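Sequence annotations record features per position, and here TrEMBL assigns domain 'HAT C-terminal dimerisation' to 265-346. Marked as transmembrane segment by TrEMBL: 353-376.
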Amino acid sequence: MGTGNLRRHILNQCPRQKTRDIAQALLEQGDKTLAIRSQKFSQERFRELLILAIVRHDLPFQFVEYDAIRSIFTYLEPQVNHFTRNTARADILKMHKNECSKLAQEMRSCPGKICFTSDLWTSIATDGYICLTAHFIDSNWVLQKKVINFSYMPPPHSGIALCDKINSLFNSWGVQRKVFTITLDNAAANDVFVGLLRDTLGLNCSLASGGEFLHVRCCAHILNLIVQEGLKRIDISVDKIRECVKEFDSFQSLEFSGNTQKTQLELYLDETKIDRSVKLDVLAFWKAHQFRYPELAQMARDVLTVPISTVASESAFSVGGRILDQYRSAMKPEVVEALVCCRDWLIGEKGKWFLVCLLYLHFIFVCFNFLLYIYIENTEVGLEDLTENIMNLFN
């Protein structure tokens, strides 16, 4: 039996292992397998892991200069090269710059529109910050939530200043033509801000329906208004539902080989209803049917991305509060932004359950508004009577 196959395998496919220092080799166990690895220390990998630890656990930059910590590192690897807090700060800024480039490319190449949430926050040193969060569904139909900016926002926080700031952030990311909605609270300046932003983005005709649906009010604030004032603002939601129904009816019909032609919406509504007891993944459903209903799937990709609250932005404030504490209140804004954003981009995968809960909450909220619209349209009960009936339930 010849050895030609074995020789070709060794020369072309099997990587050669260095065995000059086999005495320093260790057995490594992982995934129920044993492998030989070299004990050679990588200074670059050590430095990268230490920077990630600082970002993930909100450690001060001075952590790398603690004598006890350096003693531990020296004990584990006598040849380790220690570095200073200034080097750690520079590494984090470099990491933030690299991750920004990757995220910008990901957002610009996503198939659908991008929805945003934004809110203002005041640090312990009374410095103002604005948080901008992007929500989009990628090509694999996975809902993504990214804190793209945690930027210093000096006073005044007027509508004009907010418009200039947000528009400049959109320009820096190159996503002006992909903006779909922006979710805000009910601050008085936000109405002026959205009006100016709608006019600015409308110059390139990139907003859906001329920017009519650009402003989405935070559901938490809306529910608070409902409790305090009844349902005085429900007519606005009803009008938006009516417009959504009109958007459904505006889709072009597909041509089939049969005698009858139906729109994608009619074909979708003719589908067999799914049992309520069956666990339904909304994004997985539209991923499976994106080629059967391409126009509806594209609309679902945009609509299901719309955040109904500013929780995504407000959750970043708790991280900012741990970074800008009473001992580090003088940190530069660009360093704060790098820490907050890198933590969200690199460690944020742990919070996928939050995105799923947010998606289903959004789905329930849309269904509630749709049912309320159907109820008002098919009954003679006026809005004032409906408000009185709901308030009686609270009593």
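All positions are counted from 1 along the displayed chain.
Backbone N, Cα and C define each Cβ position, glycine as well.
Counting residue by residue with DSSP, the domain 'HAT C-terminal dimerisation' (265-346) contains 49 helix, 0 strand, 33 coil. Per-residue confidence over the domain 'HAT C-terminal dimerisation' (265-346) averages 83 (mean pLDDT, predicted model).
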